Amino acid sequence: MKIDSWLNERLDRMKEAGVHRNLRSMDGAPVPERNIDGENQTVWSSNNYLGLASDRRLIDAAQTALQQFGTGSSGSRLTTGNSVWHEKLEKKIASFKLTEAALLFSSGYLANVGVLSSLPEKEDVILSDQLNHASMIDGCRLSKADTVVYRHIDMNDLENKLNETQRYQRRFIVTDGVFSMDGTIAPLDQIISLAKRYHAFVVVDDAHATGVLGDSGQGTSEYFGVCPDIVIGTLSKAVGAEGGFAAGSAVFIDFLLNHARTFIFQTAIPPASCAAAHEAFNIIEASREKRQLLFSYISMIRTSLKNMGYVVKGDHTPIIPVVIGDAHKTVLFAEKLQGKGIYAPAIRPPTVAPGESRIRITITSDHSMGDIDHLLQTFHSIGKELHII
């Protein structure tokens, strides 16, 4: 059998199930109004929560670094890829996250995989939230430790699992801070309380919380007033740049530098990306206006959709999942949205469980009241047309 024939059979099964995906061609910077596949659309699926990815101050910082350092780092940090900008950004992240040190990775995905595949040993166990991001799941799979999954943000189940795993040498509780598909916030205060009681370590992926949650945007740690052992994050969402990081004690960072394969064998992110991210943290620390505007939008949209009769998941975050259920109907809903100039793709299995297909709205501070009015009016009309509300 030719490989294409076999692969086509597998692709056909995905199409029949309504879970086949395609790329969309987008022109211009990541702002709300974009040209997608030749049509003008208002984007409601971007992680650019504070609008910093197109902020002139970040662009200027990156351009200045480009002139001095060029377009790429051209090597691993441990060979020729290290620069003063990498070190400046790591110090900035550690200061922002209130940790001793931080280490950059090429993405948040690689940061999660690097930490979880290198830190726990074979006599250890990882307790992982059921809805953790794929990068955390893959890190657990690559780890030498066993993995036990607990029900999503269910603290009773987590405590039961902690009771059942006391034979292990060390235990690591790993969780997203904000869950990317459900928009829920991990109860980090309760998790850390349990960790102290059962002598476990806590690892938090703060990808969707960094720059967003907490009075100063520090993330879920500030939101709950607690300090996890390890914080992982990305620079590609609210920070508006590229790359990922891990933050914690100086000893932990030294360990990663010597053990995390996704750090050792990766080409470093370009210095220009570091300069842009560094400027983003300066902006986040200096002003709360963008966050305040963002959360006013969140309240407005969540309340309106619930009042229409939609099933809206999640907590008070920029991620608003509107559950449709059937994958085919969800795709149709997304197509009708796009026909009205709204880009919010369908989220289907395997990203979410069967029967949980949804339109995942993400809000940014760059959206306007006109954008919001159009979004809500369109959701109301399509929901009525498809007999969802």
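Every residue gets a Cβ built from N, Cα and C, even glycine.
Since the structure is predicted, the reported quantities are computational estimates derived from the model, not experimental observations.
Swiss-Prot lists R21, H133, T351 with the feature substrate binding site, giving similarity to another entry as the kind of evidence. Residues or ranges marked as pyridoxal 5'-phosphate binding site by Swiss-Prot on the basis of similarity to another entry: G108, Y109, S180, D205, D206, A207, H208, T234, L235, S236, K237. The N6-(pyridoxal phosphate)lysine feature in Swiss-Prot is assigned to K237; the stated evidence is similarity to another entry.
This view paints the features noted in Swiss-Prot onto the structure.
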residue: R21; record: substrate binding site; CB count, 10 Å: 10
residue: G108; record: pyridoxal 5'-phosphate binding site; CB count, 10 Å: 26
residue: H133; record: substrate binding site; CB count, 10 Å: 21
residue: S180; record: pyridoxal 5'-phosphate binding site; CB count, 10 Å: 23
residue: D206; record: pyridoxal 5'-phosphate binding site; CB count, 10 Å: 32
residue: H208; record: pyridoxal 5'-phosphate binding site; CB count, 10 Å: 29
residue: L235; record: pyridoxal 5'-phosphate binding site; CB count, 10 Å: 29
residue: K237; record: pyridoxal 5'-phosphate binding site; CB count, 10 Å: 27
residue: T351; record: substrate binding site; CB count, 10 Å: 16
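In the three-state DSSP reading, G108 (pyridoxal 5'-phosphate binding site) counts as helix. In three-state terms derived from DSSP, T351 (substrate binding site) belongs to neither a helical nor a strand segment and is classed as coil. Here the CA atom of G108 (pyridoxal 5'-phosphate binding site) lies 10 Å from the CA atom of H133 (substrate binding site). Taken residue by residue with DSSP, S180 (pyridoxal 5'-phosphate binding site) is part of neither helix nor strand, so it is coil. Across the annotated binding residues for pyridoxal 5'-phosphate (G108, Y109, S180, D205, D206, A207, H208, T234, L235, S236, K237), the two most widely spaced Cα atoms sit 15 Å apart.
Take the mean position of the Cβ atoms of G108, Y109, S180, D205, D206, A207, H208, T234, L235, S236, K237, the recorded pyridoxal 5'-phosphate site; other residues of that chain with a Cβ within 8 Å of it are N47, H133, T210, I232, G233, G244.
Rounded to a whole number, the C-alpha distance linking D206 (pyridoxal 5'-phosphate binding site) with T351 (substrate binding site) is 19 angstrom. Of all the binding-site residues in the list G108, S180, H208, K237, the shortest Cα-Cα distance to R21 (substrate binding site) is found for S180. Per the record's binding annotation for substrate, residues R21, H133, T351 show a top Cα-Cα distance of 19 Å.
Secondary structure at R21 (substrate binding site), as computed by DSSP, is coil. Taking the Cα atom of each, L235 (pyridoxal 5'-phosphate binding site) and T351 (substrate binding site) are about 22 angstrom apart.
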